[in-house]
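Swiss-Prot has this to say about the protein:
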{"type": "BINDING", "residues": "135-252", "note": "nucleoside 3',5'-cyclic phosphate binding site"}
{"type": "DOMAIN", "residues": "385-468", "note": "domain 'PDZ'"}
{"type": "MOD_RES", "residues": "Thr644", "note": "phosphothreonine"}
{"type": "REGION", "residues": "40-59", "note": "region 'Disordered'"}
{"type": "REGION", "residues": "68-101", "note": "region 'Disordered'"}
{"type": "REGION", "residues": "1002-1048", "note": "region 'Disordered'"}
{"type": "REGION", "residues": "1094-1159", "note": "region 'Disordered'"}
{"type": "REGION", "residues": "1224-1257", "note": "region 'Disordered'"}
{"type": "REGION", "residues": "1304-1371", "note": "region 'Disordered'"}
{"type": "REGION", "residues": "1392-1498", "note": "region 'Disordered'"}
Amino acid sequence: MKPLAIPANHGVMGQQEKHSLPADFTKLHLTDSLHPQVTHVSSSHSGCSITSDSGSSSLSDIYQATESEAGDMDLSGLPETAVDSEDDDDEEDIERASDPLMSRDIVRDCLEKDPIDRTDDDIEQLLEFMHQLPAFANMTMSVRRELCAVMVFAVVERAGTIVLNDGEELDSWSVILNGSVEVTYPDGKAEILCMGNSFGVSPTMDKEYMKGVMRTKVDDCQFVCIAQQDYCRILNQVEKNMQKVEEEGEIVMVKEHRELDRTGTRKGHIVIKGTSERLTMHLVEEHSVVDPTFIEDFLLTYRTFLSSPMEVGKKLLEWFNDPSLRDKVTRVVLLWVNNHFNDFEGDPAMTRFLEEFENNLEREKMGGHLRLLNIACAAKAKRRLMTLTKPSREAPLPFILLGGSEKGFGIFVDSVDSGSKATEAGLKRGDQILEVNGQNFENIQLSKAMEILRNNTHLSITVKTNLFVFKELLTRLSEEKRNGAPHLPKIGDIKKASRYSIPDLAVDVEQVIGLEKVNKKSKANTVGGRNKLKKILDKTRISILPQKPYNDIGIGQSQDDSIVGLRQTKHIPTALPVSGTLSSSNPDLLQSHHRILDFSTTPDLPDQVLRVFKADQQSRYIMISKDTTAKEVVIQAIREFAVTATPDQYSLCEVSVTPEGVIKQRRLPDQLSKLADRIQLSGRYYLKNNMETETLCSDEDAQELLRESQISLLQLSTVEVATQLSMRNFELFRNIEPTEYIDDLFKLKSKTSCANLKKFEEVINQETFWVASEILRETNQLKRMKIIKHFIKIALHCRECKNFNSMFAIISGLNLAPVARLRTTWEKLPNKYEKLFQDLQDLFDPSRNMAKYRNVLNSQNLQPPIIPLFPVIKKDLTFLHEGNDSKVDGLVNFEKLRMIAKEIRHVGRMASVNMDPALMFRTRKKKWRSLGSLSQGSTNATVLDVAQTGGHKKRVRRSSFLNAKKLYEDAQMARKVKQYLSNLELEMDEESLQTLSLQCEPATNTLPKNPGDKKPVKSETSPVAPRAGSQQKAQAQPPPPQPQPQHKINQGLQVPAVSLYPSRKKVPVKDLPPFGINSPQALKKILSLSEEGSLERHKKQAEDTISNASSQLSSPPTSPQSSPRKGYTLAPSGTVDNFSDSGHSEISSRSSIVSNSSFDSVPVSLHEERRQRHSVSIVETNLGVGRMERRTMMEPDQYSLGSYAPMAESRGLYATATVISSPSTEELSQDQGDRASLDAADSGRGSWTSCSSGSHDNIQTIQHQRSWETLPFGHTHFDYSGDPAGLWASSSHMDQIMFSDHSTKYNRQNQSRESLEQAQSRASWASSTGYWGEDSEGDTGTIKRRGGKDVSIEAESSSVTSVTTEETKPVPMPAHVAVTSSTAKGLIVRKEGRYREPPPTPPGYIGIPITDFPEGHSHPARKPPDYNVALQRSRMVARPTDTAAPSPIQQPHGHPASGRPVNKPQWHKPNECDPRLAPYQSQGFSTEEDEDEQVSAV
């Protein structure tokens, strides 16, 4: 019997833990908002300031919220500074851009429902969430679905609670959803189970008993439990549902019977596993309603188990000869070409297969299918660029051309000489020539095209396979030969084509595309024809295309019904002759019409503006379209300038100025198009008289041009920068082939080497370092602040563009240690932008597997195009791959491949738009500008409106086009942004960035005030400079005592209890299965435990509701490091930031930076005080226990993190603790300090930067990291010897560090460089150098400078008794305790409600003591780790950290450390004075009556 069914600690588990372990802190964002939150506030709220009842991300809600609630959001109690009032062009957009994309935490809602009440949709939501957990690995989907239907949700509020006792009877199988538990075995060994692990019974009804004692290690542990009876029934039922297919006595395929809903209408058998041959054969077998995506899944994933695609191709050609299989074979080939045309391009064998298959279709007279095949080929073919050289102009061309605008076609290759260079370059019959040497060939006469090709010896040719139109051309030519007269098609004829069959519709579309440009006269008809076609397509979209290709396909559905067309199939009219060959899961076959229409040709509307000059420097604005040629521009310019000459006498010239000041002038060919895109910033178009040799551009004009071409970031519109970033990112994202994900995931060799994927992967690092480079190269502090503000705005607009990738990269760049340490720069940032920045970070809160980001991404209101966060995609795919076996019992595990294919399809849909992304992103920007009011309509719906309704698009655009000059200026701005982005010089070396950072703001040294307390002055490499450095003066540092024994490491290994969902109902005990029936209390264990804190949670429900309202309303921290808000910190703010996040930051726990879990560092007595008092200020002095004075006011956001600092125990570097002042008397007993820290969204400022493909674990640190976290990463070059104060004390900004009991045998003086290196080596993807340290303005606990002035404490204003260094007496303190501060006062009082708060410590994070690392181990490199390395580092380390009661801790005053109760976390132990405070009796507590003041005890 297996008492504990604990899955092996698979590598993937570490991954998953990395993402999901931290509890969800959305509930904890405390605010000053007076607007009550809706009661169903979910954990997925982005924490921003505005929440709409519907949870909708549409901006219509946001607009209203902005006008009502947010109207005072940015202004209440916050005096404007000069920077705040800057009137930028897009300043007004910020309000709207800052509004959050909210969504409910659907998973939590589903879990809290009674299993009987769960709907099919609820089960699908749970299925989607659970399938990523290691406990469910290798289970079939039906088993998972059944388990999701019966699972019960349970929460254990407090750390240290016994869940199961040794010998207790087990009666359920449970999976940890959040937090971690420790099992202590009778022999003393301990094992830690983390998120995704399971424990409990095995699938049998035999009695099983617990071995060992299981305790929760962190607060807010969440579990789902399945009763033993249900678990046994479901797992044993699997065999009954299995259908095994045997051949010659061997099992070749296994199918499973599934029911996808409770109606019984959708049930059947689905392939689970099989041999490669049998899976291939299944392509042409009947597929049940529950397995509609088998063909798509197979075609995407066959490459993982077949060596060559021709193994499938040969079978298909063979089966085509069987009339009964012919239609099915054709459907497979159509889907293959449509979905993965790259399998055919560039592969001669597959190209021959395609040609043979076309011949077979022609032979069998399957014209409709053939047409569809050609459409798919044309739609999916990629543009190819090839370069040909000729020995001389007279040399013959190695190919023959057909077509030309005179026939209504483009230029096509009819034949290519075999063995020629053109053949080697890849030119082949049926290719359409799109461009030669920059000249557009899509609308050109054949004779002119031949002339251009002959007159150039160097040919740069852009071609694209377009067999369909090529065959139309051949048909037309043969008709002309028969009839003797050329036929010029009329585009208007399309209106006669009211047929809705797919092939005919496709023909019409292609006619528009291929024939629209018959001649110049027909251009107007072309536009009209396109509009008519669009109307037809719009009318038929109901029957052919999904109305919302992204939305209706069921985001929340399981893989079984993913986008398989269960809803759409019934809409396809029976009249379609080829309905059997189409899968509605791949509407691309039909969307390709749109794509060809919108991407291959551009609207002929004059949507661009040229500024054309004459020699006398007069200029006119000329409206053109993308395809307008230089000759046409000359004609318009002559008309505009009222010149009375013929167009032949003039030409268009481009004059440009090189950076050296050389003026270049060239005449443009008459047929040159895309003129607006070609002009450089340092160039102008001139109308030149061919008969004159006048100087077009004088030297003065040239100098002006040169000046205009020199641009800096601050000159650029933030909206335009975000637009261009989004366009660039989307183009890269859209070009990723689905097969590249598979090749990359399974490490397969491919022709392209996943080139597109790698490019998209690199972008996030490039953009991250761009941010840092731009900020650190600016030497002027005010400009630096403005650049930071500029980037925050850009990130906000990226969110509007749904460009989460760039948004994340920018936040990462601002969090890079060299940027984060710029304390004085960040202090100048206006308060409004602090809030906006915190909101941005909040969206990427890593808790519960990025729940907020995922909920936003899956929001029903979020329509493509979306640019998702790539590291999350990579992480999800990696988890699916590594969490499931590729082969089971010698058979291919197709269930795994199906899940991976579903995920890739889901990602691909984000790029499935029916319009040019450039047009789409620009439409949003123009709409803002042209409509004036920013609060009309929903921006999220803008894309959809524009994409689906041509009229709306035209209307919006025309409103912008009325002013040619304005349009030109917008286009000029876009050109500036493009040039700026293309010429970026990135500094990718973090060492260099750190050097630049130190040049911007040199590190300051800590000089002791008292002569007797002199300590070695630390060099400027002190890793963390608390942010308050400028306001605090160094205080005396007592001589450190002898190093203390390391045995006190377990002193308080508990994270404060955090009630993540304070306003949520608890599941009644009676409704849940018990963990053990023989427990001492004879209670149903976990469920009853989860009830213990419910009373207190309910008491504070109202306040929590308010506090959840938004982080925008809650005065987020100014700088990258967050600081205590209205609560008072026991430890110096610097240290608080630096370590208090220990549990909540990814690095400290997952990456296992040397923290020993989040210790319960706040003494019991403090907790009790916190319960009774609203705000506590504890000023640490060298004299003794801090005295807490009660503050009389009640403010919901007065939480500061208590008890997160204690990593000092293991680090021996720092011990800190903050006391959280809470709005309710009972609140902290459950919520503990975690809630307090939530607003520390900046805490992510730390190390979540260079996010390459492997950075799925990186995302964790986004919100919860501080400068201190990076401390251990990159500073191996620091010399710690001889510094009693150690790393942290060395900075002049060092704040006081509070608890001596956490000291380890490493005193500060002994903190060796190795210890940092060891920590560094554990770091995950965070900014891999630790520049958080160096002077890092790690002290977010400090006050912001207002208007350039330090907000120091005035005794008169704050009634706080500050303890100055003169008053302090040296008291023996642990070596790691440094009492330093950069202000003369012991307290810093901040007014106006700008509160910083120490970062949160995620429950469930288990840090690793520095002593666990071997000496001398160091990080191999400073670059972000390789993906696999990061994966390995993300694992949780099982240690018996909590098992034994802590040994007494040597206190300076001899007080023993309080031990931890077995069943009750120390945090909650009331009315007991904690001796740990004894050494720090404070002389300086005072009450504050002014509710606008904030005091940080430092």
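Keep in mind that glycine also has a Cβ here, set from the backbone N, Cα and C atoms.
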For the recorded positions Asn165, Ser180, Thr644, the one whose C-beta sees the most other C-beta atoms within 10 angstroms: Ser180
Between Met210 (nucleoside 3',5'-cyclic phosphate binding site) and Thr644 (phosphothreonine), the C-alpha gap once rounded to whole angstrom: 99
Within the predicted model, mean pLDDT of the domain 'PDZ' (385-468): 89
Helix, strand or coil at Cys225 (nucleoside 3',5'-cyclic phosphate binding site) [DSSP, three-state]: strand
Counts of helix, strand and coil residues, the domain 'PDZ' (385-468), according to DSSP: 20 helix, 32 strand, 32 coil
Rounded distance in angstrom between the Cα atoms of Asn165 (nucleoside 3',5'-cyclic phosphate binding site) and the residue listed as 'phosphothreonine': 100
For Val150 (nucleoside 3',5'-cyclic phosphate binding site), the number of other Cβ atoms found within 10 Å of its own Cβ: 20
Among Ala135, Met195, Met210, which are binding-site residues, the residue with the most C-beta atoms within 10 angstroms of its C-beta: Met195
Length of the line joining the Cα atoms of Ser180 (nucleoside 3',5'-cyclic phosphate binding site) and Thr644 (phosphothreonine), in Å: 84
Collapsed DSSP category at Lys240 (nucleoside 3',5'-cyclic phosphate binding site): helix
For Ala135 (nucleoside 3',5'-cyclic phosphate binding site): DSSP state (helix, strand, coil): helix
Fewest-neighbour residue among binding-site residues, criterion Cβ within 10 Å, set Cys225, Lys240: Lys240
Rounded to the nearest Å - Cα separation of Met195 (nucleoside 3',5'-cyclic phosphate binding site) and Thr644 (phosphothreonine): 80
Whole-number Å value for how far Thr644 (phosphothreonine) lies from Cys225 (nucleoside 3',5'-cyclic phosphate binding site) (Cα to Cα): 87
Pairwise Cα distance for Lys240 (nucleoside 3',5'-cyclic phosphate binding site)/Thr644 (phosphothreonine) [Å, integer]: 90
Ala135 (nucleoside 3',5'-cyclic phosphate binding site) to Thr644 (phosphothreonine) - Cα separation in whole Å: 82
